[in-house]
Amino acid sequence: MSLSTVNHAAAAAAAAGSGKSFSAAAPAAPSVRLPRTRAPAAAAVSAAAVGADRAADRVSALSQVSGVLGSQWGDEGKGKLVDVLAPRFDIVARCQGGANAGHTIYNSEGKKFALHLVPSGILHEGTLCVVGNGAVIHVPGFFNEIDGLESNGVNCNGRILVSDRAHLLFDLHQAVDGLREAELANSFIGTTKRGIGPCYSSKVTRNGLRVCDLRHMDTFGDKLDVLFKDAASRFEGFEYSKSMLREEVERYKRFAERLEPFIADTVHVLNESIQQKKKILVEGGQATMLDIDFGTYPFVTSSSPSAGGICTGLGIAPRCIGDLIGVVKAYTTRVGSGPFPTELFGEEGDLLRKSGMEFGTTTGRPRRCGWLDIVALKYCCEINGFSSLNLTKLDVLSGLPEVKLGVSYNQPDGQKLQSFPGDLDILEQVQVKYEVLPGWQSDISSVRSYSELPLAAQRYVERIEDLVGVPVHYIGVGPGRDALIYK
């Protein structure tokens, strides 16, 4: 049976307006939901206490330097876990990427915050947030984000440090990003148009400007002139004049004054904090399948969102890094172009997209949706050495008569592939072998104890653990902070 057997449920789900889970399929006879026996108050309190103890044990056991990394193509829900873990850490640090990352978190009152560059620990007053040298900084966007936070009562004063080694992302990088995509025509990458790739290109070709250059405005204009001329020589559609340069320099003089209190030698700050036994939580942007080296190249980002990016993006020694938590949706999504072996098309994909509200935080683009790809997940686990997984959006699968796991890839001739292929010609032709498991009908969004999950949901979680060889310690069953099960 496939997802198409429950397509008729979409209308009912839309009418219900829940936006959380699939409606239960009822092809022949109405399903009967047995009433749940209400537990005595004392037992309920005891269960809550056990859950709280398990949560405290899980979080307190994390190493001094821990990381939260994406293990698909992004949008897995990393920000929520970082937000939940942040109160137990002194510092939350971003190591790579820029405003192309979109992390959605909720405060204790349920107010939604969409962060792009500011680390997700910002909602916790005692947490210092660090944007490391591996990130790229669009200063106007950074200030817009801070202004938005402060207008909603979040104090950012003295709580964010930006590496003096981080590269500056200019509006010209964003313009070049759009021109580059237009030039590629039908083979475009599908970037966020935030200028990330062109900025990293400037970094690699060694004509980029860094945050520390804002302290030397006497030479800033000459360096920026090189960038403008480079873009103008490369793209006919890029207009450049000396007046544009003067305006941009004057603009950045104002930015430099405001940014100065945020600028720090974050390599020194972080390593000194490690010596002082402070706890550091690293928040990865994007995900391993978008890694410039290990992702589905060229449909990737321009940085390293895998474990290696922590060291190079923050200046932390490998021996200091302990627990790494891989965040993975209970199904798979992808924004933009590139191979997606388990993708669902037509009404099947639409149903999953609507139920999971799968639209990009940064771009608003509808995400491509499909079944959980175990081959890709296992590959990510191997690269990063995850100590545990956070399985998110399990509630979205509620109501399906069956759920599927893509457990292996076969070539067109039927030969099984032994690993995740780097060759896109091979990857685009693979035939996915699925393992079918029974679904569950009940709404699990209010469940807070693993033992209270339907048995079918528990089997799904445990089968994932068996297949990838990494334990699932955290299970997301809704968007709020409290919608998390500690296993």
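Glycine too: its Cβ is placed from the backbone N, Cα and C atoms.
Annotation comment: Swiss-Prot describes Asp75 as active site, proton acceptor. The annotation active site, proton donor is assigned in Swiss-Prot to His103. The GTP binding site annotation in Swiss-Prot covers 74-80, 102-104, Arg367, 393-395, 476-478. Look at Swiss-Prot and you will find Asp75, Glu76, Gly77, Lys78, Asn100, Ala101, Gly102, His103, Thr192, Arg206, Gln286, Thr301, Arg365 tagged as IMP binding site, backed by sequence analysis. Residues annotated as Mg(2+) binding site in Swiss-Prot: Asp75, Gly102. If you look up Swiss-Prot, you'll see Thr361, Thr362, Thr363, Gly364, Arg365, Pro366, Arg367 marked as substrate binding site, on the strength of sequence analysis. Sequence annotations record features per position, and here Swiss-Prot assigns transit peptide to 1-46 based on sequence analysis.
Comparing the Cα of His103 (active site, proton donor) with the Cα of every entry in Gly74, Gly77, Gln286, these being the binding-site residues, the smallest distance points to Gly77. In this structure the alpha carbons, written CA, of Gln286 (IMP binding site) and Leu394 (GTP binding site) are 20 Å apart.
Each of the binding-site residues Asn100, Gln286 was scored by the number of other CB atoms within 10 A of its CB, and the lowest score belongs to Asn100. Taken residue by residue with DSSP, Gly364 (substrate binding site) is part of neither helix nor strand, so it is coil. A Cα-Cα distance of 14 Å separates Arg367 (substrate binding site) from Gly77 (GTP binding site). Counting every protein chain shown, the Cβ of His103 (active site, proton donor) has 24 other Cβ atoms within 10 Å.
The shortest Cα-Cα distance between Asn100 (IMP binding site) and any of the binding-site residues Gly74, Lys80, Val477 is the one to Gly74. In this view, Lys80 (GTP binding site) is surrounded by 26 other Cβ atoms within 10 Å of its Cβ, with every protein chain counted. Leu394 (GTP binding site) carries a helical DSSP state (H, G or I). Following the DSSP three-state reduction, the secondary structure of Gln286 (IMP binding site) is coil.
Summarising the environment of Thr104 (GTP binding site), the number of other Cβ atoms within 10 Å of its Cβ, over all protein chains shown, is 17. Gly74 (GTP binding site) and Gly102 (IMP binding site) have their C-alpha atoms 9 Å apart, to the nearest angstrom.
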